[in-house]
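The following features are taken from TrEMBL:
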type     : residues : note
TRANSMEM : 21-41    : transmembrane segment
TRANSMEM : 61-78    : transmembrane segment
TRANSMEM : 90-109   : transmembrane segment
TRANSMEM : 115-133  : transmembrane segment
TRANSMEM : 145-166  : transmembrane segment
TRANSMEM : 178-200  : transmembrane segment
TRANSMEM : 212-236  : transmembrane segment
TRANSMEM : 242-261  : transmembrane segment
TRANSMEM : 273-295  : transmembrane segment
TRANSMEM : 307-326  : transmembrane segment
TRANSMEM : 338-359  : transmembrane segment
TRANSMEM : 365-394  : transmembrane segment
Amino acid sequence: MMPTASTDCDLSHFWEAPHRPLFLAAFFCALATIAWWPLGVSHGLPAPQFEPVVLWHVHELVFGFVAAAMAGYLLTALPNWTGLPLLRGAPLKLLLLFWLGSRLTIALADHLPLWLLHIFNTGYFLWLAGVLCQQFLLARRFHKSWILVVVLAIGCAEALFLHTALEGSHSASLNLAHSAVIGITLLMTIIGSQAIPAFTNNWFMRCGRTELLIPAMPAARNLTMGLMVLAIFGLTLTQFDLAYGALICAALTLLWIMSGWRTTTILRNPLLAAQHLAFLWLPVGQIAISILWFFPEIYPLTTALHTLTIGAMSGLIMAIAGRAAAHQCNGDMQAGKGFMLGALMMWVTTCVRLAAPLAPHNSHTILTIAAVLWCLSWGVFIAGFLPAICGPVVRPVLSGKKHPAATHLPSPRPRQ
């Protein structure tokens, strides 16, 4: 069913698709986290009870915001992989209950026992993995088991983060968060390097521009994934030279793949432009943090990580999730004003945040501007996303009408 022209918002179908509660939870988490700290605390609000508060900030953005968006995407894509119905009702409500309990307990972490934190935080990842595992087993899609490995690995990183942070090993907890960020970028690379060319090719086919179709490059994709897995193992085993060397090679391979994506051609399509430009932050960020590992005097590595956390992760979450609100009555997809303004402001936010170390005397002002821009970008994006939570669920959730010839990517062609 396609959307109608009615402006009424019928929420009776809210729990019939996972993207509705989970994407909305992710967006509000992103907005509320920065609105609380640093903005709210600097204006007199009590700080989260998780000291030092920067660890709360890191935890909520990586294991709260991104984890909710990850679940929303995986559970939305699940029927395409299994042929089974969308997750709905009680199992979906329980997953969100774990997530909401995690937000509350983390905000009070200094006053709660560790076992209670694990019930909600670790329980969230275990329940998500359990739902995915059950669906894969029922559909006999065993080749998708790598998704379970990624979800459980992120869940393990979160559990270890909590343990080390609350035991006072702050540097160890930040290293775990760093590894989790690289793990999430691996997941985004796997998904984005396949989904973005598919969305782009479908648009080319609908426009009759078959000469622009993006060729598949499976060998290059597999090489990129292998190098990123090697980097994650290197980080886990504290073999940092190996890890960052592999990450540079992975980023260069990814740039080679992206060089055939016709990015300059699709910039007039805001839905595709947001995906291409957000994905570009992945190799840029990987190269940046890797170079800074070897030459730390150039620029703060912790700041450079925002190329991945703001530019790539937040940008891609907006670009992919926002498609759910772009459906038109004729089966096409069209970006709304909230989507376009939100995605543009997120790009600006990334650049402003990265500029802070370049003007140390004004860094506090720059950081405040970046935080305000972040909140504004999510505010306008959420306003534009609200139609996606109303009325009957539109299927497919993240795609428009598919051109019959755009199902598969063409084979690689020799570069001219």
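FYI, residue positions are counted from 1 along the chain as it appears here.
Here the Cβ of each residue, glycine as well, is placed from N, Cα and C on the backbone.
By the Cβ criterion (distance under 8 Å, sequence gap of 6 or more), the transmembrane segment (273-295) is counted as touching the transmembrane segment (338-359), at least 3 such pairs being found. Touching of the transmembrane segment (365-394) and the transmembrane segment (145-166) is ruled out by the presence of fewer than three CB pairs under 8 A, sequence neighbours closer than 6 excluded. Put simply, of 115-133, 178-200, 242-261, 338-359, the stretch with the most CB pairs closer than 8 A to the transmembrane segment (307-326) is 338-359. Among residues of the same chain six or more beyond the transmembrane segment (178-200), those with a C-beta under 8 A of the stretch's C-beta atoms are 62-63, 66, 70, 73, 150, 153-154, 157-158, 161, 214, 216, 221, 224-225, 228-229, 231-232, 235-236, 247, 254, 257, 261-262, 266, 271-272, 275-276, 279, 282, 285-286, 305, 308-309, 312-313, 316, 320, 399, 406, 409. Highlighted: of the candidate stretches 61-78, 90-109, 145-166, 242-261, 242-261 has the greatest count of Cβ pairs under 8 Å to the transmembrane segment (212-236). The stretch in closest packing with the transmembrane segment (90-109), judged by the count of Cβ pairs under 8 Å and taken from 61-78, 115-133, 242-261, is 115-133. Ranking 61-78, 145-166, 338-359 by CB pairs under 8 A with the transmembrane segment (115-133) puts 145-166 at the top. Outside the transmembrane segment (338-359) by six or more residues, the chain places 270-271, 274, 277-278, 281, 299-300, 303-304, 306-307, 310-311, 314-315, 318-319, 322, 325-326, 366-367, 369-370, 373-374, 376-378, 380-385 with a CB less than 8 A from a CB of the stretch.
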